[in-house]
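Remarks on the structure that follows.
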Amino acid sequence: MQQKQCIGKRILHSALVKILIGFAICAFTIGLGQALVPRILAIFTHNIDISIIVTSIVVSILTIYVYRLLFSNYEKRKITELSSQSLLTNLGAGILLGVVYQSLVILVIYLNKGYTVVSINSAPNVLPYLAICICAGITEELIFRGIIFRLAEEKLGSYYALLISAAIFGGVHLMNENSTTLAAVAIAVEAGLLLGTAYMFTRNLWFPIAIHIAWNFAQSGMFGASTSGFAVKDSFISVHITGDKLITGGLFGPEASVQAMAIGLLAAAILLVMSIQKGNLVVPYWEK
């Protein structure tokens, strides 16, 4: 009986089972929040923008709470990856990196005469999309870097965890509208690796969360381009993008462009080297 209990405990606390349980609970929380909150809000208001903003905020806070509650009890530890220590530094650096990254990607399109500004719109109109970006950045980073990468890294080491989490992150984007195999590979290379190394460098999720939020908002909310196959109705700048798909990314958006992959890969390589120099590289269990 005791031997069976030990085996059961080892299985329950294996990296794969923790990933599956963590993913299932967080995904359920996100889905439940996105389904229930708008219905509750509909009792009080039919304003779609307010509904989007409030739902995004509630789902973000709820998912953070569930993640903290789950892993603090499951792993019997403090959730240091969501520590408020150096919070402003991580958020500021992440936002700066995300905005600069997208600015360079769009600049390449502009220099190739493929980016034309049609109109400048009212800034408050982009608030609902900003809320969506915040929610997506928080929830996706909790799942892909907080759960998948972090737990895979514990057993397989940093390099394998980077490849696995990046491949899964790119793969799920195949389900997006206007997605292609090239687009999924691009997301894996530029975003999966960059966001993974961002977590490696700081060991804090707020840095990749900020990059993710700024990345999406700058791309669509500021520059008016599509993000991961989805066009945004209300952006600060309305634009017309034309030209070679290798430069523009086609209908999927600039994330599927060659310059996005090149810049993202370069940034990831720099963060990886800095992580190694900082001593943050984790070796596989068979090398320990």
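For all residues, glycine too, the Cβ spot is worked out from N, Cα and C.
Features of the protein shown, as given by TrEMBL:
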| type | residues | note |
| --- | --- | --- |
| DOMAIN | 126-217 | domain 'CAAX prenyl protease 2/Lysostaphin resistance protein A-like' |
| TRANSMEM | 20-44 | transmembrane segment |
| TRANSMEM | 50-70 | transmembrane segment |
| TRANSMEM | 91-111 | transmembrane segment |
| TRANSMEM | 126-144 | transmembrane segment |
| TRANSMEM | 156-175 | transmembrane segment |
| TRANSMEM | 181-201 | transmembrane segment |
| TRANSMEM | 213-232 | transmembrane segment |
| TRANSMEM | 256-276 | transmembrane segment |
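Sequence-distant residue pairs (6 or more apart) of the transmembrane segment (181-201) and the transmembrane segment (20-44) include fewer than 3 whose Cβ atoms are under 8 Å, leaving the two stretches without contact. For the domain 'CAAX prenyl protease 2/Lysostaphin resistance protein A-like' (126-217), the mean pLDDT of the prediction comes to 96.
Across 20-44, 91-111, 126-144, 213-232, 256-276, stretch 20-44 shows the highest tally of CB pairs under 8 A with the transmembrane segment (50-70). Of the Cβ pairs linking the transmembrane segment (213-232) with the transmembrane segment (91-111) and spaced 6 or more residues apart, 3 or more are under 8 Å, so the two regions touch. The stretch in 20-44, 91-111, 126-144 that contributes the largest number of Cβ pairs under 8 Å to the transmembrane segment (256-276) is 91-111. Sequence-remote contacts of a segment are chain residues at least 6 beyond its ends whose Cβ falls under 8 Å from one of its Cβ atoms, and for the transmembrane segment (126-144) they are 22-23, 26-27, 30, 48-49, 52-53, 55-57, 59-60, 63-64, 67, 165, 168-169, 192, 195, 199, 205, 208-210, 212-213, 216-217, 220-222, 232, 234-236.
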